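What Swiss-Prot records for this protein:
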type: BINDING; residues: Gly14, Lys15, Gly16, Gly17, Val18, Gly19, Lys20, Ser21; note: ATP binding site
type: BINDING; residues: Cys188, Cys191; note: [4Fe-4S] cluster binding site
Amino acid sequence: MLDKVKNVIVVLSGKGGVGKSTVSTQLSLALRKNGFKVGLLDIDLCGPSVPYLLGLEGRDIFQCDDGWVPVYTDESQTLAVMSIGFLLKNREDPVIWRGPKKTMMIRQFLTDVRWDELDYLIIDTPPGTSDEHITVMECLKEVGCHGAIIVTTPQEVALDDVRKEITFCKKTGINILGIVENMSGFVCPHCTSCTNIFSSNGGVSLATYAQVPHLGTLPIDPRVGILAGTTTSVLDELPDSTTAEVLTHIVEKLKTMLVS
């Protein structure tokens, strides 16, 4: 039930472990900070991270006549979250499903969740170009996917896989809103200087190659990691950080590219 959603954005990456879920959660919190009503849908069925990252583990999902009611992070219901993590009895329980069952669950998430009026629905996806991604694109044909944000790290091994994700987007007709380079440099927690411990500018070169916007470069910042398990936005806790600056830039870009 996405008829009340103005903008649907999928967050993709061809490589696992690039911080895609962290980008999804902090982007959702940044959009909320800017006065938008936001939904965050975690369709990484085998590795749902969103409930943990927002400190929502153990929360219950309820059903009403219109379908599943998402978990809200605040009383004003400005951020709604849905994840298979809420349906598992134990965080360590594996999801051992074949493709058809995964497809059915994702279709339920996209059609049977009672999203109220939302300015943005952020969909956090698993890595790669699997059944899950194809199902999402098929289900979004009616309401439309307004674009994808692709997350990468600067290493060449990640960039190779992300190039495949770009090809997937082009073949399925997904508009690429831009590329975010994550884990580029390390921010010292004491002096806040940033040191490039890996190669750098991989996201910039990839954006140039794909002819899409480069939305920003995020460093490894231990202070941001401490926020995991809370609903605190980087914009509130670390307003002067590079991460907050980049997230603010992404929000401003989305406001100009999409319907507010």
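Cβ from N, Cα, C; glycine included.
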_Packing count at Ser21 (ATP binding site) (other Cβ atoms within 10 Å of its Cβ)_ = 26
*Within 10 Å of the Cβ of Gly16 (ATP binding site), how many other Cβ atoms are there?*
13
*To which of the binding-site residues Val18, Cys188, Cys191 does the lowest count of other Cβ atoms within 10 Å belong?*
Cys191
*asked:* If I take the alpha carbons of Gly17 (ATP binding site) and Cys191 ([4Fe-4S] cluster binding site), what is the distance between them in whole Å?
replied: 27
*asked:* Around the C-beta of Gly19 (ATP binding site), how many further C-beta atoms are within 10 angstroms, looking at every protein chain?
replied: 18
*Any further residue of that chain within 8 Å (Cβ to the Cβ centroid of Gly14, Lys15, Gly16, Gly17, Val18, Gly19, Lys20, Ser21) of the recorded ATP site*: Ser13, Pro127, Val151, Thr153, Ala158, Asn182
*Do any residues at least six apart in sequence from Gly14 (ATP binding site), in the same chain, have a Cβ closer than 8 Å to its Cβ, and if so which, in order?*
Pro127, Gly128, Thr129, Thr152, Ala158, Asp160, Asp161, Val162, Arg163, Lys164, Glu165
*Going along the chain, which residues six or more apart from Lys15 (ATP binding site) have their CB under 8 A from its CB?*
Pro127, Thr152, Thr153, Val157, Ala158, Asp161, Val162
